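Step one of this worksheet: look at the structure below.
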Ligand SMILES: [Fe+2]
């Protein structure tokens with residue numbers, strides 16, 4: 001049986017293209033000057049169709065350069081990690097590694113301190129790309145990052161600094177909070193104690209706090225031990241269970257597992273792991289960390305978070321569970337958009353449901369990251385059918401409780417849309433994202449007016465862009 005994430009527009013494209021002066025229907029706002037880049041898995045060699053895990057495909061970044069109302073170019077490039085370089089008959093670009101890891105940098109792409117970074121989580125380093133998406137090499141922020149990195153760092157709009165919470169299975173009982181300054185170097189590192197080695201895909205940032213989602217998807221000893229020869233699997237599993245989530249795994253053992261353990265994502269639903277939200281003052285120490293219980297669930301993505309008096313307001317996309325019945329794709333039933341409110345003085349967390357429509361890829365106007373937002377944007381499916389294929393954009397008004405929907409129509413599939421401001425008001429701008437048209441087997445970069453949700457422009461790409469993960473607008 002072929003994995004669903006190798007079929008249709010989930011399947012990879014083979015060619016790397018450069019096409020200039022793209023045809024456009026509609027009108028691209030004149031003031032947009034920058035690049036929209038999006039990353040996603042695109043296996044460079046045919047994977048085993050029965051065991052292919054969507055999270056592990058080679059990274060491919062697709063980009064469109066926009067200036068003066070024109071779409072100047074489209075490019076797509078594999079991120080040259082060691083495996084991709086070898087498959088293409090090229091030298092792996094020089095650069096550091098963390099603990100022998102070299103995972104596909106396939107999850108996000110973002111600009112900071114003059115760098116374009118292709119990002120992945122779980123212990124590996126980002127890869128730096130050129131403006132035109134060629135791979136420069138792995139990046140440890142000038143030798144200042146003491147560990148791996150994450151796919152969801154956040155730029156604080158007040159300072160321009162890059163905040164991140166990164167997890168790594170062999171790091172013992174900690175995850176790591178880092179702040180990269182405007183000089184592109186890590187200026188602050190805090191190792192935060194957690195237990196049981198959870199997968200922490202995203203976090204939230206408010207004006208004064210870092211918020212951690214410690215939820216019951218944890219490192220799976222049994223699956224990881226499959227990297228060992230058959231006769232040694234039980235003892236290896238026992239050994240891993242003694243170390244992981246408790247003590248740092250010795251470097252040589254961790255490096256061996258990282259090198260040999262490719263092909264599986266060793267994380268699974270763990271009902272024994274307590275679900276909780278951690279709150280750490282940005283400038284505090286771990287002595288100031290507080291935990292708040294929440295009902296068992298999984299959160300890949302937080303929309304935004306902010307402070308309101310003694311409360312923290314967290315808007316999150318909640319999955320009822322994750323990697324419980326399907327280990328290869330994030331596919332455990334419908335999601336909801338929830339608001340979790342933490343009363344810091346009473347030590348309580350309250351859960352409210354804003355929307356029951358199946359949706360993912362939440363984004364806000366990131367000028368308001370960490371501050372009170374009114375609008376949130378997600379991608380959903382017409383009729384709310386749970387699944388991986390999504391075809392509508394939801395604009396949530398968190399103030400009035402209204403949701404407006406722009407459907408891309410039958411036979412179309414949408415990925416994450418990012419908000420790009422063109423005016424001062426919160427929703428004055430465009431929403432930008434890739435939309436696949438099955439009838440033409442091709443994709444457009446679609447720009448919607450964020451206030452009306454009308455289509456402002458469709459930039460016609462010369463190829464299809466496979467469904468992937470995250471992207472960002474990088475102004476010039
Ligand atoms: Fe993500």
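Each Cβ is built from the backbone N, Cα and C atoms, and glycine gets one as well.
Reduced to three states, the DSSP call for residue 470 (Fe cation binding site) is coil. Per TrEMBL, Fe cation binding site is recorded for 152, 201, 301, 470.
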Validating a neighbour-count step here. Other CB atoms within 10 A of the CB of residue 201 (Fe cation binding site): how many?
25
Applying a 10 Å Cβ distance cut-off over all chains shown, what neighbour count does residue 470 (Fe cation binding site) have?
22
Tell me, how many other CB atoms lie within 10 A of the CB of residue 152 (Fe cation binding site), whichever protein chain they belong to?
22
Give me the count of other Cβ atoms within 10 A of the Cβ belonging to residue 301 (Fe cation binding site).
20
